Amino acid sequence: MNGVNPERDGTVVPEVPTRAAPVPPRPVQPDEERGPVTPFDEVTTQQDQIREFEESIVEQVVRRVSPQSSFSSLTPPDGGWRAWCVCFSGHLVYMNTWGWVNSFGIFQAYYTANLERTASEISWIGSISVFLLFFVGTLTGRLVDAGYFRYVFATGILLQVVGLMVTSVGTEYWHFFVAQGVLVGLGHSCIFCPVLAVLSTYFARRRALAMGIAACGSATGGMLFPSLVRQLLPKIGFAWALRVAGFTQLVTLSLAMVFAKPRIKPRGSNPLVDWSAFKDVEFALYVMASFFTCWGVYLAYYFISAYSQIALSPPLTYTESLDLLMILNGVGVVGRLASSWVADRTGAINVFAPHALTASVLLYFWMIVTDKPGLYAWAVIYGIIAAAIQSLFPTGVSLLTHDLSKIGVRMGMAFTVASFAALTGPPIAGAIIDVEGGYYGAQAFAGSVLAMGGGLLLMAKGKNMRRTGTGWMGKI
């Protein structure tokens, strides 16, 4: 400044604009204080004002596109109209995937009576469908991360509906295997994992609750489809009952696609498998535990209808067995919502482990159920516990994935591992039923593998306790 006072000199010192706030207007000074004004001074003042205005505009743009803003966009809204619309979409998807899968007891009993095939052979139709739902999830999850959600979802609707229409005209075992097993299974894989991955990005604190509400769609479908077949089968026959189910799925899945909207921007090119995920011991143990629980938990959904017509004294009719299957599925609403609510507060593994061990005990108790009231009571209790297990499996995967941009890939990886359990579990149980072991052997097999799954979940809990220094009540 060289000792010169700017105010005494008569010049105006412009304020330096900051990046945190817009530049305040320049104070207007009387002419006698600022000296005589020249044309050059007027031009300079206008240029300064234009420059300050441009800087304020640039500042606003920078704040909008800064990395901090991008990071905030990854933070789940945890509610709101859009988030709950996606949750409703997930409910419809669960209804048409797992609700259909859990209704397979309809076809297990019907095909066994009409196709003259063993229980193990018939169960392959349902198990290949579940296998594809899980296994192809690795690819569909990656496609969702890459930005192809709607293309994948639309393909899934087409495959699923075409599969049911072809099933309705089938006459041989291989017709049903290809149409109901393969085509419908591929359709399931294209809609289930993608919508679950999208739903996970909308919730954080209430993610387990949102996933549980969506998973209640399994109970909705598990009551809807057996009831539909029960009412329509004697009136319009098996073929048209399947076609009505197909049209129902076409309408509801189209509605689901309208409501589902991805929130996270595509990741671009990344590996199909995130191998680093298995370096996380807790995640690896969780996936292994999910394999064993999926190996045994579906036994009742496949065979309780046939069991009630053979092993009870007196046996149930086919129509009564469908009522039993609807009860098994319907009470699942309680298990899914209650377990999800508790999991939001205590952690998914803390809820998953005791449910897996309880299901193991219940499957052993199934051996001593020989009358109608006892089987109905058992179906209510097991339906609640088994539904909670099915709801907690994907919820736990999402809660153990901290990078939301990788959630589609990691969920697909976990589903792929579980797919081999879903593929082999029911046929193994069916093979045991067909030989000397009978239903006792199948119940023992399912109960044992569920106990192994519960043990692995406890190991994952122990690993988390050592890593975090928390006790048994620590949230995980």
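Note: Cβ is positioned from N, Cα and C throughout, glycine not excepted.
Remember, TrEMBL labels are computer predictions, not curated facts.
Pulled from TrEMBL:
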COMPBIAS  1-10  compositional bias 'Basic and acidic residues'
REGION    1-45  region 'Disordered'
COMPBIAS  11-21  compositional bias 'Low complexity'
TRANSMEM  122-141  transmembrane segment
TRANSMEM  148-167  transmembrane segment
TRANSMEM  173-199  transmembrane segment
TRANSMEM  208-228  transmembrane segment
TRANSMEM  240-260  transmembrane segment
TRANSMEM  281-304  transmembrane segment
TRANSMEM  324-342  transmembrane segment
TRANSMEM  349-369  transmembrane segment
TRANSMEM  375-400  transmembrane segment
TRANSMEM  412-433  transmembrane segment
TRANSMEM  439-460  transmembrane segment
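If one looks beyond the transmembrane segment (281-304) by at least 6 residues along the same chain, the residues whose Cβ comes under 8 Å of a Cβ in the stretch are 101-105, 108, 119, 123, 126, 130, 321, 324-325, 328-329, 349, 352, 356, 359-360, 363, 366, 375, 379, 382-383, 386, 389-390, 393, 396-397, 400-401, 410, 413-414, 417-418, 420-422, 424-426, 429-430, 433, 439, 442-443, 445-450, 452-457, 459-460, 463-464, 467, 476. Remark: the transmembrane segment (324-342) contacts the transmembrane segment (375-400), by the rule of 3 or more CB pairs under 8 A. Same-chain residues lying 6+ beyond the ends of the transmembrane segment (349-369) with a Cβ under 8 Å from its Cβ atoms: 286, 289, 293, 296-297, 299-300, 339, 342-343, 375, 378, 381-382, 385-386, 388-389, 392-393, 396, 439-440, 443-444, 446-448, 450-451, 453-454, 457-458, 460-461, 464, 475-476. Residues 97, 101, 104, 107-108, 111-112, 115, 152, 156, 176-177, 180-182, 184-186, 188-190, 192-194, 197, 272-273, 298, 302-303, 408-413, 415-416, 418-420, 422-427, 429-430 of the same chain, all 6+ positions outside the transmembrane segment (122-141), place their C-beta atoms under 8 angstroms from a C-beta of that stretch.
Long-range contacts of the transmembrane segment (208-228) within the same chain: residues 83, 87, 90-100, 102-103, 105-106, 196, 199-200, 202, 241, 244-245, 248, 322, 325-326, 328-333, 336-337, 339-341, 343-344, 348, 387, 390-392, 394-395, 398-399, each at least 6 residues beyond the stretch ends and with a Cβ under 8 Å from a Cβ of the stretch.
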